[in-house]
Amino acid sequence: MGMVGVQENGHGEKGLSSISLGTKNKYKRMDSELSDDHDDDPSHNHYQEERGRNIRKYVFACAVFASLNNVLLGYDVGVMSGAILFIQEDLKITEVQQEVLVGILSIISLFGSLAGGKTSDVIGRKWTMGLAAVIFQLGAAVMTFAPSFQILMIGRLMAGVGIGLGVMIAPVYIAEISPTVSRGSLTSFPEIFINLGILLGYVSNYAFSGLPAHINWRIMLAVGILPSVFIGFALFVIPESPRWLVMKNRVDEARSVLLKTNEIESEVEEKLAEILLAAGSGNADKSQEKAVWCELLRPSPAVRRMLVTGFGIQCFQQITGIDATVYYSPEIFKGAGIEGNSKLLAATVAVGVTKTIFILFAIIFIDKVGRKPLLYISTIGMTTCLFSLGFSLTFLGKGEIGIALAILSVCGNVAFFSVGIGPVCWVLTSEIFPLKLRAQASALGAVGNRVSSGIVAMSFLSVSRAISIGGTFFIFSAISALSVVFVHNLVPETKGKSLEQIELLFQEKYEFQGSEVELGDVEHLVQKQ
């Protein structure tokens, strides 16, 4: 798919011109002829500046609206850490039921993510986000009024499917509408909104914890319905992904969206031609659908490298224990020596604030410093903090020094997570796959993320009982050290490259469909951009 027609004459000219890439040269000539006039024309410069500002605001708004579903996931993760204390008290659930209730959302969300790849290819990226919000709302409503553990689980399952859909589609959508120069920052937005949701969940815990146990946890869960109401409004504001429109042969609509999201009008035609080239002229019939799964199940060397990188970074994001740290932070702090529900929940608010603040560093630096340096800082920092948390819980007991080091280590761990692997993981999986595979391959990555999250969340208490909480964090520290090696060996730097150029990073001498293409041709195509 990635370079259909490139090898027709050995240098890609015929394949490129067949999809009107000649317009690219026309625009360059027009620009060169008119540049002198425009340079001296204040009104034109003012128009360009004003247009650029408006487009940046528009793309920013699209990224914000697309990320709203992620508030739901974050809120659920944050609020359940405190609500579970009161659910246990009200519904008298066992420790195993507690683990299942917390962890099942991640396991079930993988079905939503798997369905999301196909759904977003059929009905579009935008309406998949709307469907995710509706399913989550229904699940949250069922949980709010659940009279028993069984009904609570039904609502939890529905919420999980909605979250799975929303989590996989937001980064894909944002990556596909964002200009190359700001794609990393904008694609970090879903992770920011997860952090914001976690913080809101912690604050909700603290705010409603004083109410009777049979009411407070229901209010905590009900508040989670509110963000999804805004998503309904968002669907009438944001456009469909231009790359999805091209896949559906709706080229004129794609051109219209690109005009709204690209600051330089003269680049729109060449960008459109580039997308047409990557889409193989956008045929989305059943044979292509079959080809997608054939390519994923029997990948070419290039796609295999993409899958290993995308799936691996998603799994490492979770098996380093971030969800255990967030879901069970009250348990961790209790193990460190903090007593009383109010004090425990107040300490978790500090974790939420830290996690949210440090995500801002990722937004600022991801397109300046690059993806890989942030991953190094993140994984090395997490390894250190997880080890120090294990050390404090195991060797320092419940004194003041132990409590201080435990709080510092947990806050440090979530801070380093937010600076790097938290947001960068989603950025990478939304940008490394070819257009034809992007939605469904990203869905597979999200499945790896959710399965890893579920396994960690559902086993944390049991493993902690067996080898102590401190021992569990020593294991997380060792896994985090492995993630440093993974990043070094298998993750490429994608900063400043278009989605189509990133595809070439993995191809080396392989073309997407498995036939060879000369390295000179690849370089030639990159230069043509």
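Glycine too: its Cβ is placed from the backbone N, Cα and C atoms.
Marked as domain 'Major facilitator superfamily (MFS) profile' by TrEMBL: 62-495.
Sequence annotations record features per position, and here TrEMBL assigns region 'Disordered' to 30-49.
What TrEMBL records for 58-88 (among others) is transmembrane segment. If one looks beyond the transmembrane segment (58-88) by at least 6 residues along the same chain, the residues whose Cβ comes under 8 Å of a Cβ in the stretch are 98, 101-102, 105, 109, 129, 132-133, 136, 140, 152, 159, 162-163, 165-167, 169-170, 173-174, 177-179, 182, 186-187, 189-202, 204-206, 209, 213, 216-217, 220-221, 223-224, 227-228, 230-231, 234, 237-239, 260-261, 323, 326-330, 341, 345, 348, 352.
Per TrEMBL, the feature transmembrane segment maps to 100-117 (among others).
Marked as transmembrane segment by TrEMBL: 129-147 (among others). With a cut-off of 8 Å between Cβ atoms, the residues of this chain six or more beyond the transmembrane segment (129-147) that come close are 66, 68-69, 72, 112, 116, 119, 123, 154-166, 169-170, 173, 218, 221-222, 224-225, 228, 231-232, 234-235.
Residues or ranges marked as transmembrane segment by TrEMBL: 153-174 (among others).
Residues or ranges marked as transmembrane segment by TrEMBL: 186-203 (among others). Within its own chain, the transmembrane segment (186-203) has Cβ neighbours under 8 Å at 59-60, 63-64, 66-68, 70-82, 167, 170-171, 174-175, 178, 220, 223-224, 227, 326, 345, 348-349, 351-353, 355-356, 359-360, 362-363, 366, 418, 422-424, 426-427, 430-431, counting only residues six or more beyond its boundaries.
Per TrEMBL, the feature transmembrane segment maps to 215-238 (among others). Same-chain residues lying 6+ beyond the ends of the transmembrane segment (215-238) with a Cβ under 8 Å from its Cβ atoms: 61-62, 65-66, 68-69, 71-72, 75-76, 79, 82-83, 86-87, 90, 126-127, 129-130, 133-134, 136-137, 140-141, 143-145, 197, 200-201, 204-205, 208-209.
If one looks beyond the transmembrane segment (344-366) by at least 6 residues along the same chain, the residues whose Cβ comes under 8 Å of a Cβ in the stretch are 78, 81-82, 184-185, 188-189, 191-192, 195-196, 198-199, 201-203, 205-206, 209, 325-326, 329-330, 333-334, 338, 374, 407, 410-411, 414-420, 422-424, 427, 495. The transmembrane segment feature in TrEMBL is assigned to 344-366 (among others).
Residues annotated as transmembrane segment in TrEMBL: 373-395 (among others).
The transmembrane segment annotation in TrEMBL covers 401-429 (among others).
Annotated transmembrane segment per TrEMBL: 467-491 (among others), in sequence order.
By number of Cβ pairs under 8 Å, the transmembrane segment (467-491) is matched best by 373-395 from the list 100-117, 153-174, 373-395, 401-429. Looking at the domain 'Major facilitator superfamily (MFS) profile' (62-495) alone, the prediction's average pLDDT is 83. Tertiary proximity for the transmembrane segment (401-429) is limited to same-chain residues at least six positions away from its ends with a CB under 8 Å from its CB atoms, namely 171, 175, 183-184, 187-188, 190-192, 194-195, 309-310, 313-314, 316-317, 320, 322, 325-326, 329, 332-333, 335-338, 347, 350-351, 354-359, 361-363, 366, 371, 374-379, 381-382, 384-386, 388-389, 391-393, 441-442, 445-446, 449, 483, 491, 494. Long-range contacts of the transmembrane segment (100-117) within the same chain, counting only residues at least 6 positions beyond its ends with a Cβ under 8 Å from a Cβ of the stretch, are 73, 76, 80, 84, 87, 93, 128, 132, 135, 149, 152-153, 156-157, 159-169, 323, 327, 439-444, 446-447, 449-451, 453-459.
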